[in-house]
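Accompanying notes for the structure given below.
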Amino acid sequence: MDKSTQSREQWNSRLGFILAAMGSAVGLGNIWKFAYVTGENGGAAFILIYLACVFLIGVPIILAEFTIGRRAQSDAVGSFQKLAPNKPWEIGGFLGVIAAFIILSFYSVIAGWVLKYVWSYITGGLWSTPESGFGGYFGEFISGTYWPLFWHLLFMVMTVGVVVVGIKKGIEKANLILMPALGVLIVLLAVYSLTLGGAKEGLSFIFSPDWSAFADPKVYLAALGQAFFSLSLGMGALITYGSYLSKKEKLPSATVSVASLDTGFAIVAGIMIFPAIFAFGLAPDAGPGLIFIVLPEIFAKIGGFGIVVGLLFFLLVAAAALSSAISLLEVAVAFFMRKYEWSRKKATIILGVVIYLIGVPSALSQGGPLSGKSFLFGLPVLDGLAMLSDILLPIGGLVIALFVGWGWKKADALAESDMKEGFLASLWIFLLRYVAPVSIAIIILNATGLLSAILGAFGIEF
Ligand code: PFF
């Protein structure tokens, strides 16, 4: 055993690891991002492609990430270096660390909005319908300069606070109670939302596909990106969490639990949000502000008790966001701790400050001083970074799939992942070798227009 392995922290229990991985997966992606990208991409067709991405591409790669991390007992980059020294695979790990900076920078901004809503439910700002309506209330908040920055700061401080404490005491404990509570609450709210009068339209929006949407390459990229984002996949977060795991655990069952829980959360959140959108005559494609406008409408409809429900809801979403944010920060922290021999404290604080600063333009881009300015892909900063993550995470996933699928001997991959020889094991390897890499490559090339350019060069019209 080398020194780094000896001093490496471990999860307290099997349950602790699974809950932490679930905590990483379930977050703003399931509620905030799932709702607004589903709304923007036409609903059911998007959801179908998303589900296919989760089960055919996501699930095999989750298991691959856990396997790499547990085998290597190192961070996203170190794991590749350890298992394949002096080979280019580590590029996948570097991309992951870069993605962690980018994603956490805007994730913390949105989580800051959630904190602001918690505060508004405590102090009365959302106790009754604001004069300018819930849309106006959100718009006024977001067009400020200092408040969005303040809430972004507060969330980053909280994230740093947990990660500084370390794996066992911080990350593991934070997940134990809050996740089940959030699950129960969104199921109750989904049932309530179905009684509001928009059930038919809402359900048909998310469950009966408009076939023309299948022709749009952007919908595929959005769905693929959403699957990776929601599962915390493609950037080494699950490699890093897997690295704090001992050899006793069974990885395939952990994989299935994480994927099904995460997907269940998203679908239930959809059932909570879309019927309400139609009941209140709102537009599903309102963009990143969607849930901040729709959900308070639902809570107002509940009556006096709705204030308590609203408070509880945003509190639990803040907790879910926190358990995801800590996994994002942990990817970068684990890398810097090993690479530069920084202490956990030093790495966490320095990286927290840097990521906060990277997030500043996002915080000002949704109505504030930078709104209307296009940045990446012709989009405002926050939307552009979210789209960049839709590309970065699948590319990271592509590297991971190829690494385990082709870089390892099949027998080793099976032994390390606790898969027993048989149909499922062969399916896993097949999905990693062919299905995941080919579909990721096609979806990215197609959505960026590169596919038709490449085919065009060969005289094929696409
Ligand atoms: N899975 C998280 C969510 O759905 O909110 C976001 C996330 C966490 C993405 C960790 C990537 C990651 F590594």
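FYI, residue positions are counted from 1 along the chain as it appears here.
Any Cβ shown, glycine's included, is placed from N, Cα and C.
Here is what TrEMBL says about this protein:
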type: TRANSMEM; residues: 12-32; note: transmembrane segment
type: TRANSMEM; residues: 44-68; note: transmembrane segment
type: TRANSMEM; residues: 89-115; note: transmembrane segment
type: TRANSMEM; residues: 149-167; note: transmembrane segment
type: TRANSMEM; residues: 176-199; note: transmembrane segment
type: TRANSMEM; residues: 219-244; note: transmembrane segment
type: TRANSMEM; residues: 256-282; note: transmembrane segment
type: TRANSMEM; residues: 302-335; note: transmembrane segment
type: TRANSMEM; residues: 347-364; note: transmembrane segment
type: TRANSMEM; residues: 384-406; note: transmembrane segment
type: TRANSMEM; residues: 427-460; note: transmembrane segment
Region pair the transmembrane segment (12-32) / the transmembrane segment (256-282), three or more CB pairs under 8 Å: yes
Counting Cβ pairs closer than 8 Å to the transmembrane segment (149-167), the top stretch among 44-68, 89-115, 176-199, 256-282, 427-460 is 89-115
Contact set of the transmembrane segment (176-199) with the rest of its chain, CB cutoff 8 A exclusive, min separation 6+ beyond the ends, reads 16, 19, 22-23, 26, 31, 265, 268-269, 271-280, 298, 301-302, 309, 312-313, 316-317, 319-320, 323
Listed stretches 89-115, 302-335, 384-406, 427-460 vs the transmembrane segment (44-68), most Cβ pairs under 8 Å: range 427-460
Okay, the transmembrane segment (89-115) and the transmembrane segment (302-335): do they have at least three CB pairs under 8 Å, pairs separated by 6 or more?
yes
Sequence-distant residues near the transmembrane segment (256-282) by C-beta distance (under 8 Å, 6 or more away from its ends) are 18, 21-22, 25-26, 29-31, 34-35, 38-39, 43, 47, 51, 54-55, 58-59, 62, 135, 183, 186-187, 189-190, 193-194, 196-199, 201-203, 205-206, 230-231, 290-291, 293-295, 297-298
